Structure formats: structure tokens, C-alpha cells
């Protein structure tokens, strides 16, 4: 039968029922239609119409469901080749007596074809095989009791393609090893030896489970905690995987980067002297000709002692003023976390701080400086493998009164001097702008004019700056005093028009 595959164990019996209508009062005695007791799919069926001597053989006819059947010639037998459900129905035959024109009917026979082959069911043992394990396929079918001796042959298919073995009389098919990539659709087909009747199962997908090899990983030391400089030994064994096996070791670091460990073709790998770069997750791989198996990762931690810490100051200066905020920073360049940093002043603990990073920013401590805080400072770093001390730093603290006020007072003094000079120059400039020559009498002749000293209005007296310093050793402040002095009177002299008040002041200063 072409094409479709189906599955089922359901068995439906279609019985052939021979309904023989018994003649009443001798009726139908002249014709009797006979049929086999049961008819199955693919059977060859013969219906025979028995007549008496007074029925002419050439007048016999067969009917199905009341319709006359066309035969190749007059015959007392009706042949049905390869019976199927289309042949189901009610059959009769008729004949005519030699001396009558009227046809006489026979009894009625009901023919119902029974299914010979129910739909087979494909089974897999085991139903969920492990990757690489053997599997047995079984094509199960139940024949009717009347046909239990029918010989069948079985065919097995994979993805609609017949397997290499073809068809045989065995209802089982053995797969030596099934793999996950072969987790596809399987079917079986049951057919009679003459191939006149066949049925196919529904497709079955076999769920192949990925094999998990039984790995045993041994490490030395067994604590999975290795100190820098120690040796590390890893050993891998596996059970349940067919050989021969080839082993390889791999390491996955903190960045999830995978790296093959060189010279690790065997089940054992040894690192003579570990360092911090050897930390990570180790796993082994066992590979055969078809599949490879990977063990669970084993985390290896490398503990590194802390290096000598370095103590630094935020200001970079070892001299501070009272009230200054000081920040101490302690840092070790190497060391496994956690690292505990502690700060000391004259061997007295000031406080501690822990950090996760082994090569990070270290730890800091802030405090306000006072005269009592002068002295030696140092810090320690400890991650459980031994504390390390930094070099000591001497920090001196000075009082604010004797030191900090001097720069402030000096700044104020300079500011006052600059202000005084500015006032003086401004005053001289305005005085020059205000000076002028009086208007002359137009009635007088220039020859009669007598030389006169020009009159300057608002002429300022010259200002002399005389700083006065206080040198009291008890005082750290320098005072500056500015005094205004009147110039001494001098005899009048002729002043040229070109002379300005500023020039006169300069001449007075020279005298």
C-alpha cells in the first residue's frame, strides 16, 4: 500500500456474516447460494450457486445489493479476488427452469470483509536510551484467531528510509549503539509474504539522553586551597564510557576564558610550583571515537601572602599645622583577599579597614592633626598568611598662632602699601588738572607787563610716606603707619609755566 504510515494496536474484527434466507414452505429449494464462513482482507472469495436439474445453468445470474453483476460468461461461481471493504454487501443468484420463463431467486448472503492486519505498534527498548547504548526495536501486531498462522515479514525504517537490513520475518531490529544525533523518527511495516496486504506503524521518535560519564577527580592537596609555591596534582578517571579514551585537561579562569593545559594528554596533570595565574576551574575531557565527555569543574584557589605595604600621605608633606585634615593611605601591591589594613601612631592602633581586592586601592584613614599627633606613623597589612609592616613616617605638627598668622599679616601689609601709593598718585593727578593761569588785562600792553609768578589754585602740600615698624619680639605682627607732613616754608621764586605741581613736589623732595 502506498505512502502513509500509521500506528495502533486496535484490532477490529469484521466478521463475514452469511445470511441464508431459509425457504418458506419449500421456496428457493431450486437455488442455494454458498459462501465461506469468514472473509479477510486479501482473501480470494468464491460464491457458489447450487442448482437442481430443472434449472438451466446458462440462465444463472449474480446480484449485489440488488444490482446484476456482469460476468465474463454464464457460471455458477462468483470469484472475488483480494477482498476488501468495497466487496461488502448482500449477494443473491437467480436461475430459470427449463420449462419456465420466470427466474427463481436464491437465498441472500451478506458478505462483510474482516481486517486481516491491524495497525502495528513500534516499541523501543529501552524507551529512553543513554547516548551510545544499544536499542531494540519491536514491531508488535496481533493477528485474528482465524488467521493466526498467516506468515508476515517486517520492515524497519528511519526517516522514511528503509534500514540497511531490509525486511525479514523477525519482528525485532537491533541497533548496537544509538547517539543523540540519531534521535530521529523510526517506523515499522508489517506485510503478508505475498505483499498483498501491509500496514505501517505511526512514526516513533526515540529520545536519546546525553550520557553523563561517571568522573572521579582527585586533587592534591585535597582542600582545593593551594599556597603560592606549592605543587598541585590533578587526576581524572571515568566509568561507563566505552574506550579507548583520550584525556585532556582544561582550565577556565575568572574571565571565563578556556585554556588547554599543555602536556596533559593523560589522565593526570601536575603543576610543580603554582602561582597566582594558576587559579581557576579545572576539568578533564574524556573522548572516544564517537563522543567526548566532560567532567565537572574543580575550583582551585591560590593564596598569595601580602607584600610589604607602603604608607603615603595625601598632602605629600610630613609637616602639618594644627587642625589640618590628614589622610593616611596604606597599600600592598600583592596579596590574596581579604586584606586587613591597620594604622598606628607610635605603635598605638588608630583603626583598621578590610578590602576585597588583593591588588586594588588599599585602605585609607582620615583624622585631624594636633600637636599631640606628632610622631611616627606606620601601617600593617594581613590576609591570614602573616602580617607585614610598612616603613614608618615622621609627621610634625606646628601651632597655628606662631606660624599661620605671619603669612596673613604680611599679605595685609602689602595690601595697605599698594593702597597708599594708589591714593597718592591719584591725588597728584587731580591737583595737576585743577592748576591754571589767570586771565590777562587786555588794556595793558605786553611791554608793560611785569613778570609775575603764576597762581596755582588748590596746590597740595607734598605728602611724605614714613613707615613705622614695630619690632617687638613678643609680637609676630608688623604694623605700618602712614603720616602726612607739611613742607618747610621756602623763599618765593619765579615759577615757570612749564612747571606743574607734581614737578614742584619732586623738587621739594630733592631739597
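Cβ atoms are placed via backbone N, Cα and C, with glycine included.
Please treat TrEMBL annotations as automatic predictions, because they have not gone through curation.
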Legend entry - 362-384, 385-407, 408-430 - the one TrEMBL records as transmembrane segment: 408-430
Inset, instruction - Give me the mean pLDDT over the domain 'Ig-like' (118-203), rounded to a whole number. - result: 88
Legend entry - Stretch among 118-203, 207-295, 309-396 sharing the most Cβ pairs under 8 Å with the domain 'Ig-like' (23-94): 118-203
Legend entry - DSSP helix/strand/coil residue counts for the domain 'Ig-like' (23-94): 6 helix, 29 strand, 37 coil
